[in-house]
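What TrEMBL records for Y27 is active site, proton donor. The substrate binding site annotation in TrEMBL covers H89. The domain 'NADP-dependent oxidoreductase' feature in TrEMBL is assigned to 4-246. Annotation source TrEMBL lists site 'Lowers pKa of active site Tyr' at K56.
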Amino acid sequence: VPNSKTTEATKIAIEAGFRHIDCAYAYEVEEEVGLAVRSKIADGTVKREDIFYTSKLWSTFLRPELVQSCLERSLKKLHLDYVDLYLIHFPVALKVMEKCKDAGLAKSIGVSNFNRRQLEMILNKPGLKYKPVCNQVECHVYHNQRKLLDFCKSKDIVLIAYSALGTQREKRWVDQSSPVLLDDPVLGALAKKHKRSPALIALRYQMQRGVVVLAQSLKENEIKENIQVFDFALTEEDMKVLDGLNRNFRYVTFKLMADDPNYPFADEY
């Protein structure tokens, strides 16, 4: 996301009704996001407790003595006292995060890009102090994560979907020959049926499955449209049709990390 547009887009999102803001140290826009949040607090649009802010620990800060400093750097950029949720951006041990929660710098801790085996390793770890409250993963109609979702539900772990609309298709992360999710004819047909956009159909699909869904856009009209996901419902038959689009296809594969022993995408789920 271009830094110059981040502050304005975040303000628009808050004004439209969005309250869950997902960011990370590695995105390099926390200063701009923080400016927008503080601006909307200052003008009375929201209170701090109305905003659910998520940040993430990047892989260069995994040594135990560096973990809290990474979060403190994020908080300094944000000019906030705490984050509501702090995630590990890539699979490693959760224990290094516990001190951040104990110190009051994070209300909750969770994980990102963990597969079932990695989640089980954490859950079965002796002396686990805090169970991860969520697992944030790529999840959309082409990769609906059904098995992982069922597992997470069985362990009372919330699944959070990123790239729910097929990603922003950044060249450094996404194969440009990959299918454009929002151009899918099935999404288009359901959008026409419900008089909504394909994006709203894709977002509503996740919500009705019990998935917390993230939507990203810099365009004011799209931001305001996405919040309308609460204004309609898909039928049981619609949901079955969308389930049928699954092809276990990932847009974001982190290929540079494929040789890492913690690489999560070699497992089925």
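Any Cβ shown, glycine's included, is placed from N, Cα and C.
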Q) Mean pLDDT for the domain 'NADP-dependent oxidoreductase' (4-246), as a whole number? A) 94
(Q) Taking the Cβ of each of the recorded positions and counting other Cβ atoms inside 10 Å, which one has the highest number: K56, H89? (A) K56
Q) Between the residue listed as 'substrate binding site' and K56 (site 'Lowers pKa of active site Tyr'), what is the CA-CA distance rounded to a whole number of Å? A) 6
Q: Round to a whole number and give the Cα-to-Cα distance in Å for the pair K56 (site 'Lowers pKa of active site Tyr') and Y27 (active site, proton donor).
A: 9
